[in-house]
């Protein structure tokens, strides 16, 4: 799987020595899907490719997963669903989480997109549309965000009886905390309400949900972050990294050390004696969030270098005192990848790996490392 | 200025009833530039349009400002500089903050882009290139990020003497804290080092620096955030809002109230009795940062509604109990704009307005409200 790699890029923008860049490891994403499919047991394993596949490139990733055998794709917005339909062709199932509105009924039906109905209003709209295929139904079992309320189940069954609903879904609020009582409570409630449409397929699990075990996986699972290298559970699931993000050093210097000498905006951090600093062409406009200021890190030739001072819009300063002494201008620093673990970087920024991925900016070209063709 | 508006959009993506959208108020950006130009006194007032004009659209904004009389534009990356050159034509000055590398010398010279030189290496490269126009020099006066170190000034003067340096610049670390002693210290040091190239133009100020007064503005100012509605100083500068960001309600519901009923991921917030919630098609993948969870807000028909629970990737839930009772599905919620002040939203998210702008995602079409043509 690891040899015979072919690279392609999404972007017309010049990848220059002074620009950030990223490599998207399609073969690792495919490997993560296989691992999650194994954990999903007898359930089919779909993939969540909304938000441009968490920022990494929906078309390329959907195509690689389709090649690997995946046939079910989940999106949030209508134009995401039509992008995926175009990417993977007519044979795949494409779900639309945000469901149905007056102005997307025609495109949903003509593009054969399965709307995930979230309210009685959406159910009535689907009934009226009289589509030649069934819809999915999302029931809110405790997340209190989107989905049909429990009290509306009987009405829903009247509007769309058995046969008109092909899938019943819900979403776990606390799947990444296995011991949280919410998980068992949502599971029991889901079983009860899903039984109202006994012939419909059942789906409850995201990546973390899959790791809760076979009681949760039902007929169809919907991993997202696990594909993209961003969730792990000890002894159960450790994903491969999906992205390597690097940017070049623009400046290397030893700042003058005196009382009140500081680093960066707001003068938040004093200069240390004999400190060596390196400033990198990457900033929060590229998705390295300001919350990483003084806490995040980059790797230079395998050596961890802490972010010092505030992250700026286009620049990050690192303490490179411990980096190899031959480190020089335009050497590239890894901020996400094999060394710079995404979960650890996210914790340093008081956020989640999801957000580090979806915030990656448009100045970062995505170069795709292709999996070996199976044919 | 406010009538005869013509709208255009940057995007081929469908603006549907269930999508987020934004309006970029070009006439307000131009008005902010005029205000900052007045505050800049006799200095010329350039504009910072790096990072796609802080996420709002560099080409459209540069063109509107050029129409209004602006002739100097600042960028960070080489492809940003070439985009601006194309947008504004051959007569404007285009600066490149990240300076010179081996692989951009040719394009910098052929496109007539002024590199802002940051190190002795870059100065030598410029000397060797023998370009037909002078470069700019950035001297680090205490930010400890990018720019020539003070100890290298004499060498720099040897490499590029009077005439070869057209501009000397530095950057303030604490300009948004007027009382910070750093401001006076950087000012004095800048005066001293800038005098080494007496005929060069001098430039020190960003938006906040301009508000420090005439001692700081020198020959050329470089506002960024103030143009985009994101910095204010009492009795000195209050910008007009540059963007209105809205997204539609996908769901309105009264959650069941019982012990342990909670809202959103991680079950971070209990449901209140008789609470009404509304879930909006906008999330952190669109730039509404996770740090806004339980602290940010949206406005429905002028009524402020707090974000409740965690911001999700594609969805935000609001407490809409106090919103008008006729609020219905697909009504649009304002998250940035005339009501939802960007500085206040940024404080709620423990970040800066800069980051709220640069993180705005690609799913949000930018619709441009054009200023009245002066011709």
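Cβ atoms here come from the backbone N, Cα and C positions, even for glycine.
Keep in mind the model is a prediction, meaning the values are calculated, not measured.
Cβ neighbour count for residue B:50 (active site, proton acceptor) (all protein chains, 10 Å cutoff from its Cβ): 26. DSSP classifies residue B:50 (active site, proton acceptor) as helix under the three-state reduction. The annotation active site, proton acceptor is assigned in TrEMBL to B:50 (among others).
Annotation source TrEMBL lists N6-(pyridoxal phosphate)lysine at B:50.
Marked as substrate binding site by TrEMBL: B:145, B:313. Taking Cβ-Cβ distances under 8 Å and a sequence separation of 6 or more, the neighbours of residue B:145 (substrate binding site) in its chain are B:171.
Marked as domain 'Alanine racemase C-terminal' by TrEMBL: B:242-369.
What TrEMBL records for B:265 (among others) is active site, proton acceptor. Applying an 8 A CB threshold to same-chain residues 6+ apart, the list for residue B:265 (active site, proton acceptor) reads B:309, B:310, B:312.
In sequence order, B:283, B:284, B:285 make up the list of same-chain residues 6 or more apart from residue B:313 (substrate binding site) whose Cβ falls under 8 Å from its Cβ. Sorting each residue of the domain 'Alanine racemase C-terminal' (B:242-369) by its DSSP state yields 22 helix, 41 strand, 65 coil.
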